[in-house]
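Engineer: My questions will all concern the structure given below.
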Amino acid sequence: MTENTANTGLAHIGVVGLAVMGSNLARNFASRGHTVALYNRTYEKTAVLMHEHGADGNFIPSKSIEEFVASLERPRRAIIMVQAGPATDAVINQLAAAMEEGDIIIDGGNALYTDTVRREREISAKGLHFVGAGISGGEEGALNGPAIMPGGTKESYESLGPLLESISAVVDGTPCCTHIGPDGAGHFVKMVHNGIEYADMQVIGEAYHLLRYAAGMEPAEIADVFKEWNTGDLDSYLVEITSEVLSQVDAETGKPLIDVIVDAAGQKGTGRWTVKAALDLGIATTGIGEAVFARALSGARTQRAATIGNLPSGEVTTLEAQGVDKTQFVEDVRRALYASKLVAYAQGFDEIKAGSEEHEWDVDPRDLATIWRGGCIIRAKFLNRIKDAYDTNPEVESLLLDPYFKEEIEGLMDSWRRVVVLATQLGLPIPVFASSLSYYDSLRAERLPAALIQGQRDFFGAHTYERTDKPGKFHTQWSADRTEIEA
Ligand code: 6PG
């Protein structure tokens with residue numbers, strides 16, 4: 001560590017906010033040979049990082065924002081890794097005050113994309129660049145190679161891109177980092193990534209629940225099943241860690257750890273934001289929505305305390321009573337999981353397409369299928385297939401229409417339906433398995449009950465309807481002689 005005054009303009013990049021994610025990101029930059037400026041609101045965290053890892057690379061620690069900014073080479077590049085919300089705004093303002101035209105402020109947290117759009121507008125008015133960059137991969141990813149989704153101007157990416165690409169995960173020689181689109185595009189895409197993450201985790205949870213409580217398998221046995229599943233179509237980070245979690249034994253009680261963890265899931269907001277944005281865009285992200293609601297319901301602890309064992313279930317059957325073969329059931333659950341997962345990804349990509357159109361971001365879905373193959377939480381082998389699908393037809397109306405996925409789903413269909421029926425008969429909750437199947441059946445339906453809804457709307461509110469046989473809008477005079485008029 002050198003005296004900071006001697007370090008003016010030396011650092012290639014700076015990190016503000018040195019909690020675990022920020023520290024790991026700084027260490028990642030340093031491990032790739034970059035000189036990294038460091039700043040944290042309280043110097044203690046900076047000191048800890050310097051004490052523990054200062055010798056691993058070139059770091060320039062600072063005690064003030066001004067000193068930190070001065071230590072950066074130009075154009076200055078500073079990544080903020082602080083809590084989303086007011087803390088981010090405070091740091092942005094401090095940085096902006098100390099920076100000069102052409103410098104780049106990067107927000108690497110999980111910011112709400114509308115905040116990013118606003119911040120980009122405010123910061124660019126000052127002649128600076130503002131880049132909202134989604135960073136996925138948790139603590140381990142930040143340290144060894146995350147997936148990075150930067151928004152902002154093309155110009156800022158020219159200066160920033162090579163640095164970010166140098167620390168990202170790499171799959172088949174391609175960095176898991178690319179310019180996503182202007183202003184809020186990067187954070188929007190990261191938000192939807194997290195929404196898909198919620199759905200993916202929930203479908204894995206539903207599969208576990210069925211194996212445990214329908215098939216009566218023990219956690220260690222289920223861990224082996226997930227390990228096996230991870231060698232096929234379901235090969236993914238989330239399936240891999242599921243096996244790890246299920247095989248963990250609690251040191252204190254000797255029980256499977258899963259049995260001593262409270263079944264109330266937390267959430268920081270990105271899943272909820274994904275659903276809110278989908279509602280505004282009119283996109284049916286039902287799998288993600290159900291996953292968010294499933295977390296909310298799990299966390300409604302007072303309500304659950306009052307209802308557990310206190311609500312009728314009707315006649316509930318068992319797997320044995322249904323004469324279901326356990327091996328077949330496990331395979332059915334695997335297929336139902338895969339099918340529901342495909343739906344969740346298809347819905348997520350639909351939302352990204354709609355968001356991109358709405359904000360004129362021109363996001364290329366192929367980029368996402370490429371960079372999500374490594375580093376991020378939803379990394380999965382089948383993202384290669386999604387990339388192929390968009391390579392074949394970038395305009396495909398739904399991923400489910402891609403010939404490969406269409407054929408896959410056809411092969412999964414019977415199992416998927418059997419699992420949904422059986423879980424219902426067994427009284428076991430499967431919100432995403434069931435809603436995904438319903439979504440699929442809605443998509444492919446020749447007629448939907450929406451015709452009746454239009455009739456009802458016209459009845460009580462003269463909202464009019466369209467006819468299948470001629471153009472125009474029509475209204476039936478329900479309270480008069482019920483003749484139809486053109487509206
Ligand atoms: C990632 C993760 C990460 C984090 C989310 C989800 O991509 O690395 O998505 O961003 O896990 O904040 O957290 P919640 O489950 O608490 O909403």
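Note that Cβ sites are derived from N, Cα and C of the backbone, with glycine treated the same way.
A TrEMBL annotation is a machine prediction, not a hand-curated record.
Quick paste from TrEMBL:
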ACT_SITE  LYS190  active site, proton donor
ACT_SITE  GLU197  active site, proton donor
BINDING   GLY17, LEU18, ALA19, VAL20, MET21, GLY22, ASN40, ARG41, THR42, VAL82, GLN83, ALA84, ASN110  NADP(+) binding site
BINDING   ASN110, SER136, GLY137, GLY138, HIS193, ASN194, TYR198, LYS268, ARG295, ARG457, HIS463  substrate binding site
DOMAIN    186-479  domain '6-phosphogluconate dehydrogenase C-terminal'
Engineer: Other than its own, how many Cβ atoms are within 10 Å of the Cβ belonging to MET21 (NADP(+) binding site)?
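Structural biologist: The Cβ of MET21 (NADP(+) binding site) has 23 Cβ neighbours within 10 Å.
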Engineer: For ligand 1, pick out the recorded positions GLY17, ALA19, ASN110, GLY137, LYS190, GLU197 that have a CB under 6 angstroms away from one of its atoms.
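Structural biologist: So the answer is ASN110, GLY137, GLU197.
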Engineer: Run through MET21, GLN83, ARG295, HIS463 for me and report the binding-site residues whose CA is within 10 Å of the CA of GLU197 (active site, proton donor), in sequence order.
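Structural biologist: Taking MET21, GLN83, ARG295, HIS463 one by one, none has a Cα falling within 10 Å of GLU197 (active site, proton donor).
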Engineer: Restricting to the domain '6-phosphogluconate dehydrogenase C-terminal' (186-479), what is the model's mean pLDDT?
Structural biologist: 97
Engineer: Within a 10 Å radius around the Cβ, which one of these recorded positions has the most neighbouring Cβ atoms: LYS190, HIS193, ARG295, HIS463?
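Structural biologist: Its Cβ has the most other Cβ atoms within 10 Å: LYS190.
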Engineer: Could you check what DSSP calls HIS193 (substrate binding site) once collapsed to helix, strand or coil?
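Structural biologist: HIS193 (substrate binding site) sits in a helix per DSSP.
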Engineer: Largest pairwise Cα distance, Å, within the listed substrate binders ASN110, SER136, GLY137, GLY138, HIS193, ASN194, TYR198, LYS268, ARG295, ARG457, HIS463?
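Structural biologist: Largest pairwise Cα separation, rounded: 49 Å.
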Engineer: In sequence order, which same-chain residues at least six apart have a C-beta under 8 angstroms from TYR198 (substrate binding site)?
Structural biologist: GLN267, GLY271, THR274, ILE288, ALA291, VAL292, ARG295
Engineer: Using only the residues recorded as binding NADP(+) (GLY17, LEU18, ALA19, VAL20, MET21, GLY22, ASN40, ARG41, THR42, VAL82, GLN83, ALA84, ASN110), report the maximum Cα-Cα distance in Å, whole number please.
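Structural biologist: Comparing all Cα pairs, the maximum is 22 Å.
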Engineer: Could you check which of the recorded positions (GLY137, LYS190, HIS193, HIS463) sits closest to ALA19 (NADP(+) binding site), going Cα to Cα?
Structural biologist: GLY137
Engineer: Any idea what DSSP makes of TYR198 (substrate binding site), helix, strand or coil?
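Structural biologist: SS state of TYR198 (substrate binding site) = helix.
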